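Enquirer: When I checked TrEMBL for this same protein, it listed these features:
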type	residues	note
DOMAIN	6-276	domain 'Acyltransferase 3'
TRANSMEM	12-29	transmembrane segment
TRANSMEM	35-55	transmembrane segment
TRANSMEM	76-95	transmembrane segment
TRANSMEM	115-131	transmembrane segment
TRANSMEM	138-159	transmembrane segment
TRANSMEM	194-213	transmembrane segment
TRANSMEM	219-241	transmembrane segment
TRANSMEM	253-275	transmembrane segment
Amino acid sequence: MVRQGWADAARGLAIITIVFFHVVLGLGERGEVHWTAWMLINLFAPFPIVLFFVAAGRFSQTLLDGGWSAAVTRRLAGLCYVFALWTLLNAAAAATLGDRQTVEPLAYLANPRSPLWFIWALVLYTAIAAATPRSWRLAVIIGAGALSFCSFAGLIALNSFVYDNLLRFLPFFLTGVAAGEIERSIEGRRWRLLLGGGLLFAGLTALTVWIPVPLSGKGALLFGLAVLAAPVGIASASIVSEAPWIGRLAQGFGRYSLGVYLVHPIMILIMFHVIDMTG
């Protein structure tokens, strides 16, 4: 399969943003970040996640177009192996460097630690997409979108960071799988899409901040931001992918996004451990 530059750039931009967010959230848990920064990070968190899963779905399109196959089974087996291995490594790192009183690596396989929920999501999303006949895709995307809205709005609450997010971001992966040549559909309209969608995104963000209720009560608005993040993010990634050195950098991170994502929780633990020892 020919790699799509915009999709590599999308995953690169997403993983850079996610790592930055996790560092800021880690500092927030230590009381070293102002609450405004914490709120903004949580407000914009859906943007890189949506971008990542749309790109991941696009890269899986050729594999999944043929339905369930030996190649899909091998992909799932590989993802499960990666998930299990890094769950154990993260559990060991948390027990050694973190402040956890108890570490239960086997329990993490059923209820993953939050830094690894992306891998668990890719396993489940890939299985769902492979099991969905092409003629049913639109109906499944609509149904997944309804579940996503209900999860964002708090109408369905699984009381689990991981499983709530699994519901919220499934439609974006499925959209990436079903969308075909997304880059063709936005060709020639990227700047209009970026500016128009960006203005809507900024306006909805301002409205979300302005409404005087806790962030947990703004789920419907967060769902709207997530939906807008898809076209705005794709247009942004498409433009960035053609920039001389920034595009190459973003695409490079995108090609190795899985490795960066797997390693970064342990590196953050080490960073905070060193800060504690030297602070």
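Placed from the backbone N, Cα and C atoms, the Cβ positions cover glycine too.
In TrEMBL, annotation is done automatically, which means it is predicted and not curated.
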Enquirer: Establish whether the number of Cβ pairs under 8 Å between the transmembrane segment (194-213) and the transmembrane segment (219-241) reaches at least three, counting only pairs separated by 6 or more residues.
Expert: yes
Enquirer: When you check the transmembrane segment (115-131) against the transmembrane segment (253-275), do you get at least 3 Cβ pairs under 8 Å, counting only pairs 6 or more apart in sequence?
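Expert: Yes, since the transmembrane segment (115-131) and the transmembrane segment (253-275) share at least 3 Cβ pairs closer than 8 Å, they count as touching.
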Enquirer: The transmembrane segment (35-55): which same-chain residues, six or more beyond its ends, come within Cβ distance under 8 Å?
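Expert: Cβ under 8 Å, 6 or more out: 7-8, 10-11, 13-15, 17-18, 21, 24-25, 28, 118, 121, 125, 165, 168-169, 172-173, 175-176, 179, 182, 205, 208-209, 215, 222, 225-226, 229-230, 232-234, 237, 254, 257.
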